[in-house]
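Novice: Take this structure, written in structure tokens, and hold onto it; I'll ask about it next.
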Amino acid sequence: MSKQFVRSAKNLVKGYSSTQVLVRNATSNDNHQVSKDSLIELAEKSYDSADFFEIMDMLDKRLNDKGKYWRHIAKALTVIDYLIRFGSENCVLWCRENLYIIKTLKEFRHEDDEGIDQGQIVRVKAKELTALLSDDERLNEERNMNIKGRNRKGRRRRGTGRSDENDDDLQRAISASRLTAEEDERRRKQDEDYETALQLSKEEEELKRLQDLQRMQQQQGQQQLQQPMYYDIFGNPITPEEYAQFQLQQQQQQQQQQLQQQPMYYDVFGNPITPEELAQFQQQQQLQEQQYLASMQQQQQAMSNNPFAKSEQSSSSPKRNQLVAASSPQQLQQQKQQEPLIQNRTGNQSMTDKYSKLNELLATGTGIDTFGNVGEARIPAQHTKTGTFINSQGTGYRQVSDDPNHNPFLNSQYTGLPSTSVVPTQTGYGFGNQSQQQSQNNGSNNRGYTLIDL
């Protein structure tokens, strides 16, 4: 009673007409079904243009109501279904023009507090109305049949009063509509289940393909981060194996160029040696030369006062292996053949320069020396400058006689040398390293030698 009172008060406050109030009561938000009297009255009022617009305006508001007022929507669809069957032709035209509103209700859903989907009845009624409005032949046939039945019922109503409450035709039509709606709903569920399963299968397949693609992209990205990209001279990407092969070829070419530019070294036997061995040998050779030069300086200092000592600079020098840098053993042999022979000097250069004139006279002249020798038998004068005879081999060295009585020829010999007696200097290993006692013995033994003894 409270809801009816509130609805009545709202009708008065908003100034609804009797036709609008009739539509509001027929589509109220309660559990009661729409009364048949209200449907018949609304169908009759639909033939009036003013009432028609009021009826359709209120039904349009009910169809666009909120989801929690699902009873308003369901009852409004029931009223529209009755009007297109038993109402005026304008009701059919209005429904066809606003068919999109009815089609949207085919997807209507609403769950109550208990989790029950109350939008099922709305979806069934909307689908049935859409099918009926789309089939003109069926709609015209039902309208003609219902109009004839309504006329018969009108005549019976005038004769029998209110005997049309249990109209069998209306009950059969409602039952047929319900069966059709249930069958369509069952078929739609099956189609929806199949479509849902197919859609899920497609989505799973697409998701799997996307995951595989992402995994491949991640692996490629990791490989690119771990391995740098290499390019050839034309900017084309190459694999690391090709780049390593290219680097190896470059290294081999560089090594070949270095070998071609670097000279080959050979020993005296023509065997190739490495630059390290050459450097080591040169270092050893330099050390040997330094040692040899040091020893030669000592010998020259000791031999500076001995005009008869032979210079052993070239004769006593050690033979050293020579290394030749050449590109081939043939060039080494040619260099050996082209090397000129080095003339080794013997004797003291200063003495040779000093007595060069005398040597020339003695070698080319035809005179006789102090001993009467002629030709090659002549003895150079420098061997007798001390006043005591010394032959060309140095025998009789240190023959200095205090008593010249044994040889009367020595005191009278004069070969152009100064008369000042020359004291011999002990040089060389053979003379300078002898002990003093041995030297005195040699002097006493050699004293008194004559030309005949020598």
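Residue numbers in this text run from 1 along the chain shown.
For all residues, glycine too, the Cβ spot is worked out from N, Cα and C.
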Novice: Could you check Swiss-Prot and say which of THR130, THR364, THR450 is marked as phosphothreonine?
Specialist: THR364
Novice: Annotation phosphothreonine per Swiss-Prot: which of the candidates THR370, THR395 has it?
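Specialist: Candidates were THR370, THR395; Swiss-Prot attaches phosphothreonine to THR395.
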Novice: Run through THR27, THR386, THR420 and tell me the one Swiss-Prot describes as phosphothreonine.
Specialist: THR386
Novice: Looking at LYS10, LYS202, LYS357, which one is marked ubiquitin cross-link in Swiss-Prot?
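Specialist: Record annotation (Swiss-Prot, ubiquitin cross-link): LYS357.
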Novice: In the domain 'ENTH' (11-143), how many residues does DSSP put in helix, strand and coil?
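Specialist: Per DSSP, the residues of the domain 'ENTH' (11-143) fall into 99 helix, 2 strand, 32 coil.
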Novice: Can you work out the mean pLDDT of the predicted model over the domain 'UIM 1' (165-184)?
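Specialist: Mean pLDDT across the domain 'UIM 1' (165-184) comes out at 67.
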